[in-house]
Ligand code: UDX
């Protein structure tokens, strides 16, 4: 199969490289000439474990290439995937579809033979209809089927998620479209991945409903964690105790500082707007958005509390800045409102993250960046674990105790066992664990 992938952001690049690895012929297209030039030199613009090797192998095998020219690859392709960004529109939280529509118009002008145009970007319900209309308006003779094929990739585990998906959702009722997309994904049937065919609008909604449900699950356990602290229960055990019920499941029940990233915050807000536009109210998702925003802001107060509610002239060491481990992504990261709040309360902040410090400098230019966890902790009044990178899971605790000014640890990811730290003489605060 010949595939054109429009957009070399996270989704486009991972999907393009994985499709090529299945044996398809993939051309990734982007308007950003510097990005394409870098990709042609073998430089990967995002941090994703395994992606550089996957791209290199497939470029070498001549199954994957990169270009700024959209017309050529689209004319040749049997399927064109739209994987451009859909950021939150400034001001109202709606998904900004201008890039999707611009891509649709450009694709329309270049289509030659029968082509399946697939939206992979997360788009509001009904966007496929508009893409179809725009293509028909721009090129009335184009023989196209517009389908929806949402992605469910997690940053840091995107290649695995692509190759071993729980399911693949293909939204089109057109038989020719189903055939092309079925053929593209056939290599995955070896991994027994269920291929689910739906109407286009249903596929579009599945994506938002999945992300909103996961965000709800996290927010639910975060609120139960707050209650655990008040009533003297342990959230880790509560989560396990409910998660072992198969109807609930253990995943996405890890209490923390609130969800961040490029998807959950944006998609929950957009889903609320979609519902409003259709005169339906999603009160649960509305609450999830508000509770999560408030939670992220509350984390600075939690740290202040561990220091006797006075942060004036205190030095706080922050471990982990990215919104989760194995990524350099700072979008909507809980570390941002946390650090801003700490500084507002008069604290001096130092931070270390294994991957995201370059990104972080843009958001948080006025803090000190350190080379490792120990130089970060040296002389600090408290250590705050914000992102659960593996390297923060087995820190040399006696060494930390020696070098810190005060042995105070605030563990926003429950990486450590309270008893272990308390035995070593630390004052420990976790999430959803009663304070002795
Ligand atoms: C998510 C979805 O998982 C993926 O299917 C979708 O396509 C894109 O959005 P991603 O944003 O990469 O992926 O990360 P994910 O691992 O889902 O984590 C999102 C946020 O939730 C992170 O801030 C993470 O720390 C938080 N989280 C996750 C928790 O706080 N607790 C959990 O139990 C799980």
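Heads up, the Cβ atoms here are built off N, Cα and C, so glycines get one too.
Per TrEMBL, the substrate site holds 152, 153, 154, 155, 252, 253, 254, 255, 256, 260, 324; the candidate it also names there, chosen from 179, 207, 348, 358, is 207. The NAD(+) site in TrEMBL is built from 30, 35, 86, 122, 155, 331 plus one of 217, 266, 401, 405, namely 266. Closeness to ligand 1 is met by 152, 154, 260, these being the binding-site residues among 86, 122, 152, 154, 260 whose Cβ falls under 6 Å from the molecule.
Cβ neighbours of residue 152 (substrate binding site) (same chain, under 8 Å, six or more residues apart in sequence): 161, 165, 166, 207, 210. Counting residues of the domain 'UDP-glucose/GDP-mannose dehydrogenase C-terminal' (317-418) by DSSP class, helix then strand then coil, yields 33 helix, 18 strand, 51 coil. Here the binding-site residues are 207, 331, and the one ringed by the most other CB atoms within 10 angstroms is 207. Checked against residue 122 (NAD(+) binding site) by C-alpha proximity, the recorded positions 154, 253, 255, 260, 263 yield 263 as the nearest.
The binding-site residues listed here (35, 253, 255) include no residue with a Cα within 10 A of the Cα of residue 263 (active site, nucleophile).
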